[in-house]
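Read through the structure below, which is laid out as structure tokens, and then see the notes.
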């Protein structure tokens with residue numbers, strides 16, 4: 001290749017990240033996200049201090065939801081960065097999988113935080129500390145207000161898609177049952193509670209409600225164990241809400257076919273197989289490239305007289321309605337006339353050679369053969385153990401001369417051959433010449449074996 005003497009040094013990882021951050025920050029749409037991110041960091045700092053002063057693990061579990069909001073803001077920035085980037089030779093399909101990876105990492109980290117809360121709660125059940133309620137209620141409302149304001153003010157495209165495409169959590173299912181009962185009494189609330197609520201808004205409201213109940217029970221009866229119970233409830237709600245999203249984004253990363261489009265894909269492939277000139281559709285593979293983006297590849301076998309460009313246009317037109325990134329490989333039918341050889345066939349290629357080497361069993365002595373059945377005679381004494389004295393164990397080639405011209409190029413005789421002339425020449429190839437026929441291999445058999453009573457050859 002070309003040698004560049006004064007090539008610029010490669011930038012470090014920090015330098016690359018700084019360059020990409022400047023690229024995102026140049027867009028005015030990201031300024032709002034950066035502002036909310038700065039406010040989020042300030043709220044997290046205050047909430048962590050209040051968690052330490054109140055000694056409440058339930059408030060700590062609720063603070064982890066605010067930390068998750070920070071991850072969602074970072075995911076939103078990555079989504080803007082993906083829209084700015086174009087496909088490169090390294091990432092030929094684009095950078096859409098980065099936002100899928102960001103959603104997967106955010107949901108998994110939220111579940112790890114929930115597991116940490118469950119572990120701390122199990123230790124507190126053994127020795128419950130005293131809970132101070134001075135700033136417990138204040139921290140609850142500050143976290144609730146900021147979480148709802150962030151979720152409703154910023155359009156987070158990746159999480160909005162995942163929350164709708166992923167399966168419902170157990171919290172959503174229970175709230176949906178309750179919402180149907182309420183909407184049956186007040187039909188005007190159906191637009192808010194049905195078909196299902198936003199999982200992030202639902203968990204924020206449910207966590208704040210659990211903290212309010214904790215505050216009232218501690219203030220009334222000094223029941224400190226309810227703080228640990230509320231922490232377990234918030235952790236379970238967090239885990240149950242994030243788990244379906246992790247599963248959905250993980251399947252996207254594993255390049256699986258979405259279940260809800262399998263039926264549509266089968267219908268389109270059946271339509272493609274019925275197109276004019278298409279013989280077979282095979283090696284089809286479809287997967288989710290990003291949120292709402294389906295990619296696929298397919299091999300199409302067509303007739304030898306079909307127009308490749310025309311078939312390619314029809315196949316792409318049918319599949320492009322569902323698959324946005326499609327690769328179609330067209331190849332013509334590879335059927336050819338079967339031949340006996342891979343080299344050019346000569347005129348006499350089918351004629352047998354003049355010399356034929358046929359493996360023949362070596363003839364034993366005359367005392368070992370039965371002249372009537374032409375099979376080895378049974379030995380007088382049984383052979384020793386492990387001695388394999390079977391006929392034909394020693395094979396030697398027999399060379400037969402073939403000098404007669406064969407009609408039709410294949411050497412097949414179409415007439416009768418006198419057995420009297422055949423029995424004097426040993427074994428041969430059946431029906432390959434006038435001097436070659438069915439022979440027994442013995443010269444001491446009478447010649448009248450091949451003639452009838454009148455001396456004429458048998459037909």
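Cβ coordinates are placed from backbone N, Cα and C, and glycine is handled just like the others.
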Annotated stretch (transmembrane segment, per TrEMBL) among the listed ranges 200-218, 257-275, 276-294, 295-313
200-218
Given 416-437, 438-459, which one carries TrEMBL's region 'Disordered' label?
438-459
Can you identify, from 11-30, 31-50, the stretch that TrEMBL calls transmembrane segment?
31-50
Choose the correct range: of 117-135, 136-154, which one does TrEMBL annotate as transmembrane segment? Give that range.
136-154
Rank 31-50, 62-83, 95-116, 224-243 by Cβ pairs under 8 Å to the transmembrane segment (200-218) and hand me the top one.
224-243
Taking 31-50, 62-83, 95-116, 136-154 as candidates, which has the most Cβ pairs under 8 Å with the transmembrane segment (224-243)?
95-116
